[in-house]
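S.K.: First, the structure itself, so that you have it in front of you.
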């Protein structure tokens, strides 16, 4: 039975004996008519005998001339089908000899070869460039071994075949390998050609041919770019560009498997399908090309195993288009349709199970399809596989009721394929001829032409006309391809002629024969004479039959030829190859960036991040470089190692640089003129990079821009923005930029963060990262020294340096700064020279610089003395030595530093060109005279060509500070502390023409720091500065100097308590952290002064100028009725607060003054929300009724009811037409805000819904619930869209990001979960709190997230990374809500006490508790001589303070254990400390442990010495009291008392035991409200001598100095005094402290040495002072209230020597010394005034009692703040 090719897709093909037989003949006849051929007749079987001859035409030129006149065939006549007698061509040959002579052997297909260029030689032709890159590509694969693999079900064996290279090629490769840059250049040329083609608007056929020829040698990125361009061009073209189409197909065929992705092929096929739908009924030529392209693309898809072809969208439409060709009378189109459809069967799709079964049952089919030219084939195995394949396909056909046979007619075969499409019978059946022809092409491509010949004659499907058609085309392509040798091409013609004349199975269908004749006709037009002659002779010999007319052109050449010209190559050849210059620059910079010492720095995420949350900076920078972020800001203190890190980063990136990859470029910003414009080009210019090269780099390369010294360049602009980095057509960069932390302002990120390139210039926090370099750890310091020691010959080892650094007080802390560590290591030998006791050496930062500078210049002085100098230089050197070489060097450096600041604004880099600058100020320092040269080469300067600078920015600042104060003309008093008295004794005045008077030093913070250390070192300098401040009262021109002076003094720790500062002029001074207790500022010019964290208790600011004064804090809002809710208006101009009595308060955010509130409703206002566009507010309260308020009138305009239980949140839609509410009833309800009607009830949550929010677009709603889910809804339909779930516990709050792309939810576990708001997928998880989160909010720019909850702290974190950036403590109660102001500058938060606090985002300061302390002071005591205060804060040391001036002195004890309490012996020589279950006795003079007292089972809570020093009594946490006799040998104490009551532990703290100051008795708290007196001299000291009970639990106790009274602090609000010697042993109650739970608890009480005063301090943060009567009476003692401390007072003690002076310790870590004043003439005190002498670690704003009557310019917000903090406003001042 004959199977017609037209039915090859049909599962029900009729048999040969069917009625369709006649139809087949008719169809064949129609084809003959189309070709101009008479109706077909059966072809006779011709058995060729040895005598069969081929006659060579004697006149081929005539035939050739006929052909050349119409190369496409035109109307040329050819013989008819009945010409068996005219089969002779050329000379008579035996048939076997003919076949043996055709393709006699297999050999690799020749490659196109050209002359190989020499290195750096210009490439003239693209063909030459392809040849070179082909050799490079082959060489890169040459190391691969022979690969054996198995393909197909039957195991087609293939072996990787490498083309052997000749000697010329090998020699050329060896030469190229010697210069890797040459290989890169050749590859670069191909990439540049692609870029040029992509950018070229005129992509003509010449350029297409040229660029496509590069396809096989392109690398992935340029290939992908080129392919995308071809796809786009073909897709966009309105008229089919055949050249572009052929180029696209050839690119796809040439692609490496790694370069193509399925989407490419699917996209191309889709484009071709659309083209085919539009062209197959139009231009025949276009139809030919498109159909051929479809076939080729499907071939590639089958080879690449594409599985993404959608059946509905692509598979079936393409099948339909191919089906439309079934009725075409054009055999070529029919053939291509059949071929394309068979290829389509090998492209996987989302087919049914049955189809998949049929597809995967094809055995060897896929194996054959995937054969490529890279393999050598075993043709016998291929033929065996094809036989098995035909059997397999025959079985499949049998299932469908058909049996395959070789078809007789192309028309029948082809239409059979297409007919099944129309009838909807699926994709059809695979036919064996398709894999056979694929194998044939692969074999030919591999050069195995002998095997190809065998395959043609032995293929099982060789009778199929479709197989014959493609084999004829393949032979024609071989004959026309110039790559093959002439003989091979001629053999292709001869084999084709043999098939035409002598093969009885070949050409039985007329269309195949006509196709063969068409091929012969086209071959006549070739330039190859042998091919031309053979084809011409054939046609001449067949000339007798004139009945066949060739009318149609068929494309024979399947690939574009090699280009004749190279316009693209010629154009890009004129661009210099940059990699050579970059290579040289790389080597240069690698040499220049070598570091002698490098320690990898550690960093934290931001200035506000915790110091214990550290990471390796390099790791994070590498992550940044691999991300899509654009700017990484690196901050650090001066000398922290920023420049060192940048240098190392450049070196690392240069070392790992890959040619063509990102280029690291180090830019020292101070060396660039106007770095705000074109900084990259300016830096490249310094490396002699040409303008053309810069342009190429800008267009085609990416940079890692390492910008060093932003602060040193004195920039205030955003360099990323002003340089237009990463904008279209601009530089493609990653920027790493460093800046000193001290240089930054409040909103510093705006100077570095990328911004949108639009009108609004919105910041892009998602493209920004920062890090802060932290000081060295002890391990890093040791590692640094390990690298330092071997660099030069030294007598010290690492251990010696470490010992010195540890032994010298505070030096280890100082050298945590890397640059200071360098200075210290250089100068340490000189510092300790002649010193026996290292603990007496005191080194400050400025002293370290002094020593280093002296050392540096001295070393260079000795170097010059030993050098051979010219006579002139020697003479000048002698003069310098006589004058003092070191002093002259310091003078030179000081003058240079001053000139740098005055002449170039502090820019540290000085450029000097002698001929140009010899008449400028620069010549004074860099001229050619001997003195200048000798000094310049001896001071700490560095030089790079014509650029000079100090070796470090801090060295320049050090010398600049010496222009203000020269220490060489003053006596050094060592580390004396600053005066606390305002002493303006006559001193030598400072230079009025100097920097102090002429420049604002506040912008040079390091200079201020150097000068502040000079104040501590030189008393005369302090006095000089005080004189300047005083001078400003009468001299307005001294205002700048006075502002500088008082800033220096305050930073130095000089205190202005009780100082007369009336009328001083100090505009813009920085008085932050200053102490001005009782200071007088009347009439002072304080405009712009910074008073953040200043102590201003009782200060007077009447009539002062206070415009722009900064207090660093904002007021809070508090209503008597309590606040239940708050919200900013959309424009940020007002804030609404909902009150518990039903009112709604409105505040003006400019002044924070209250506007008349809305009318009261019956229900409280629990939740409120503003409408974005309408002037409405929606609220809900206790009655669960939603109220819509009109803001202008304060009236309610709508009421909405529906929820049966508590409403948890409300929200307005962005359009204002809808309101959403959530409730504990598990629902969300949507309301029409205009009518009040309920629109939808959204159900789905299984527990109460806690929040509902609209997306910014208004197109979606998000809700959260205690069921742990977030649901997203459509507000227009009320339908749920998707649900997100987590395991982080109950969800209490939810918020959308401003762009609507993310949502954040707060959880009961303290976590914040981010969500993708478009899918519900989980994002990052943030955990900054251990307690439940009640509220989350995004900043308006989306950069930050704030959260609040039960930990009472507002946490600010980065929304992209989740890193904690800052915390705002201050609330005393749970924080229920928080929100950003619309401008993002403020945060408002509400706690459950009804207080709303405001926080300033710019300054990161708070309305309360602005400075957290790590630990509070537990105990303070005076030394017996009153000169020292000792304090303990729960650390391993006891701190010592100087009593007169408050400076910190060396620690009294440095323990390895935590010390929580201690006692000082009466003689001051011994300290007892608690260490776990023991007591250690320390010798204060040697700082060593003398003795350890043992025997305790629990830690000691309090202990005391007896007055004689013999006894120690202690109380422990296990309710026991022990007594030790220090004169005895027993280290175990005597158990004196053990409390039977558990209540003993209720207040087991200070004051449980204490000795009487006279005698031997001690007192013990025996019960929570009872004490007992004990005497160690008694026989049984465990029995109390006397007991007493008090009305309130005891929290502290103390004896009076005479031992006659005991004072008790209680847990209530009173202090009780027990008069021990009175007859009735009376107990007197002293009241005054604030009552309440924990608030009135008295932590400490103390009698004054004069026995007249009693002080008490406790949890209410106040100190009460009572003047006591000498005996018991009924009169109440007068009491003085001391306010100002913001946290609990933990300890109090009186100075035993100085009258009326006492010290307080607080839980914020502060220590304050106070003094009582204002006594009457007779010595009696009616009302005491207590003034603070000094305080340490105060760190918070205090304005108690401050007055500002008549102050000018004080903002309303500042006024409100001051009054809230206890200041007295105008009305109170006037009363």
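Numbering starts at 1 and runs along the chain as displayed.
The backbone N, Cα and C atoms fix where each Cβ goes, and this holds for glycine too.
Note that the structure is predicted; figures quoted are calculated from it, not measured.
As annotated by TrEMBL, compositional bias 'Polar residues' applies to 1-23. Look at TrEMBL and you will find 1-25, 50-85 tagged as region 'Disordered'. TrEMBL lists 173-531 with the feature domain 'Arm-like repeat'. Among the features that TrEMBL reports, domain 'NACHT' is placed at 633-788. Summarising the annotation, TrEMBL assigns repeat 'WD' to 1200-1241, 1242-1283, 1291-1325, 1368-1409, 1493-1526, 1587-1628, 1642-1669, 1682-1724.
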S.K.: Give, as a single whole number between 0 and 100, the mean pLDDT over the repeat 'WD' (1242-1283).
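M.R.: Taking every residue of the repeat 'WD' (1242-1283) together, the mean pLDDT is 92.
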S.K.: Using a cut-off of under 8 Å between C-beta atoms, tell me which stretch among 1242-1283, 1291-1325, 1682-1724 contacts the repeat 'WD' (1368-1409) the most.
M.R.: 1682-1724
S.K.: What are the DSSP helix, strand and coil residue counts for the repeat 'WD' (1682-1724)?
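M.R.: Its residues fall into 0 helix, 20 strand, 23 coil.
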S.K.: With DSSP as the reference, give the number of residues of the repeat 'WD' (1242-1283) in helix, strand and coil.
M.R.: 0 helix, 22 strand, 20 coil
S.K.: Quick check on the repeat 'WD' (1200-1241): DSSP residue counts for helix, strand, coil, in that order please.
M.R.: 0 helix, 23 strand, 19 coil
S.K.: So, by DSSP, how many helix, strand and coil residues make up the repeat 'WD' (1493-1526)?
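M.R.: Helix, strand, coil within the repeat 'WD' (1493-1526): 0 helix, 20 strand, 14 coil.
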S.K.: Using DSSP, tally how many residues of the repeat 'WD' (1642-1669) sit in helix, strand and coil.
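M.R.: Secondary-structure breakdown of the repeat 'WD' (1642-1669): 0 helix, 17 strand, 11 coil.
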